[in-house]
């Protein structure tokens, strides 16, 4: 085997100097690069390092897309970026390349901790980003980690302290920030939010705020999505004030022009379908497109499960798959891999795969249920027609949804064409569904759950002009699922759909008057008021009635007394002592005594307490005094005073809030420091135990010295097994003059190693005698 050449100190120093010069030249090129003057078309035209270029070239990334050419130079120069682009335009590379280049220019190592944090709203998108990063960063020395739900937390905790680039979902990242001792974000260089509008919405608001509060404020932030948010409040939460807006959308007057939200190669269609006929149309569509690769979006995981199981039993003639958020992570990953490899397949899915996932060669995207807004529509149809390829989309709209939702699409310059259904191609599957649900109780249960989940999804939608809950044909929809009737649904504060409609249409005043008595007064329900232990004590009943067991005992004693005397004296006559009269006022029982000593009862008898404060002159004043009206008006208008007071108090509360955040951050850091200290002590204790164990083992074995220090030291390097098991004849060389330098011709005594005390004594005697 060839010997590996090691560089000496001079060579290593020269290599470091060359690397420093290369990085400085790279920084100079980045500062001098102006994307307005020279717009790059290829990755090699950008000022990026050779290892990154090599990884891109090996992964077949040669030509830049529009979003990459616009955003990468700005990100390389260190600006915060708010980027919006079409779906399938290469946004992942647009933020991964700046992340790698930033850490490369900073000479980042595993000892520097976490350098970049990439947050994704879904597990599948996080996995896709991680795979792309490992491909293009294969020639760099950075460590990357993926943390998502469904994986082993302990396995991630053991390794997360050595990660340079961390990719994950918000919930799992926050969990590691709270629990991982070695995860330090104080030196973070870059924060990236993929599908930023989804990460910033109400679903992830608290989680994302908690993550951002632990990060360094000097970081660089990149936000990427196909539908971008420019809300000032959202951007302020991320400390994003001086940022650059780039992308394919033209920014005019602070608003994004959404003219090119969907790819130009995408053909968009819609059909008007009654709710009860949706499954018939879907099954007919699948039967007529057996040679295609399609994704069918439904609103809930229960619907996905029901449609998949029923269609699978009816065998439409194409491979069927299903994917939703309630599946295990392994099943979701396997389904994605199978769908990517297949060419003729139908995938039933929820919005868990609506964003960012790169599915190859998808022909059709079918939306059975209307999306909650236009942004969701854009992300759904973006699963096809990616990277300039052709694709088609179809959305099914009920007559109640059609007019309002098409207006919202037209407002975003999206105009889908209308398709008419051929009656010859339409096939009713209602009898088959009824037969399947009658034979299989599990399918019937799934159908009921699918019905309930769809109705609830309509009920909770915000856009009431599109989603009209009162006009839902529930009986017809239940019949179309194969159910005998509409199941009863419990809403928040409403037992059934009928009660919900009745309560919605009922007059409010009539409902208020129904609680009034004959005099027209509304009686409050005292049963809902809290009851104290004193209330419960005085509400006790039948306290004078004794138990049956006690009555039986007293009855037997009374019979014994009657047998002795006919008349018995209970008490002799006596005189009342006036000195004993005050004792009659004392409590007669412990309960009465406890009540007399109760602070609550005594305070109730005294009335409400009044707190006073004293001024400098010693006069008492109530804590809250009403100001004179004339003095109040002297200070100005009431609305102006109100605004000034709110502004002043808001500033005070903001300062207190910042202090509270700093205290919470310091407590969290102190908690981590204590964990690290405890781990260090455990490691030191383990090392001390090992050392003490080795010393004790060394004391149990005694060696006979040779008089030569070097020989003794070499003998001490033996392993424990050699010292205990090997029993060789030991040669002891002692000269007459006790000089080790004498010749070897002097007297030599060969003896075996002593085994017992007698052997040792005989050997000592021989040595003394010479």
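Every residue, even glycine, has its Cβ placed from backbone N, Cα and C.
According to Swiss-Prot, the feature motif 'Q motif' maps to 41-69. The domain 'Helicase ATP-binding' annotation in Swiss-Prot covers 72-246 and is backed by sequence analysis. Here Swiss-Prot flags 85, 86, 87, 88, 89, 90, 91, 92 as ATP binding site. According to Swiss-Prot, the feature motif 'DEAD box' maps to 194-197. Annotation source Swiss-Prot lists domain 'Helicase C-terminal' at 278-437.
Sequence features, as recorded in Swiss-Prot, placed on the structure.
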residue: 85; record: ATP binding site; CB count, 10 Å: 25
residue: 86; record: ATP binding site; CB count, 10 Å: 24
residue: 87; record: ATP binding site; CB count, 10 Å: 25
residue: 88; record: ATP binding site; CB count, 10 Å: 24
residue: 89; record: ATP binding site; CB count, 10 Å: 22
residue: 90; record: ATP binding site; CB count, 10 Å: 19
residue: 91; record: ATP binding site; CB count, 10 Å: 24
residue: 92; record: ATP binding site; CB count, 10 Å: 21
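Sequence-ordered, the extra residues of this chain that approach the ATP site, with Cβ no more than 8 Å from the Cβ center of 85, 86, 87, 88, 89, 90, 91, 92, are 65, 67, 94, 226, 386. Here the motif 'DEAD box' (194-197) has long-range neighbours at 82, 91-92, 95, 118-122, 125, 129, 223-229, 355-356, 375, 379, meaning same-chain residues at least 6 beyond its ends whose C-beta is under 8 angstroms from one of its own. In the three-state DSSP assignment, the secondary structure recorded for residue 85 (ATP binding site) is coil. Taken residue by residue, the motif 'Q motif' (41-69) breaks down under DSSP into 16 helix, 2 strand, 11 coil. The helix, strand and coil residue counts that DSSP assigns across the motif 'DEAD box' (194-197) are 2 helix, 1 strand, 1 coil. Classification of residue 90 (ATP binding site) by DSSP places it in coil, neither helical nor stranded. Mean pLDDT for the motif 'Q motif' (41-69) in this predicted model: 92.
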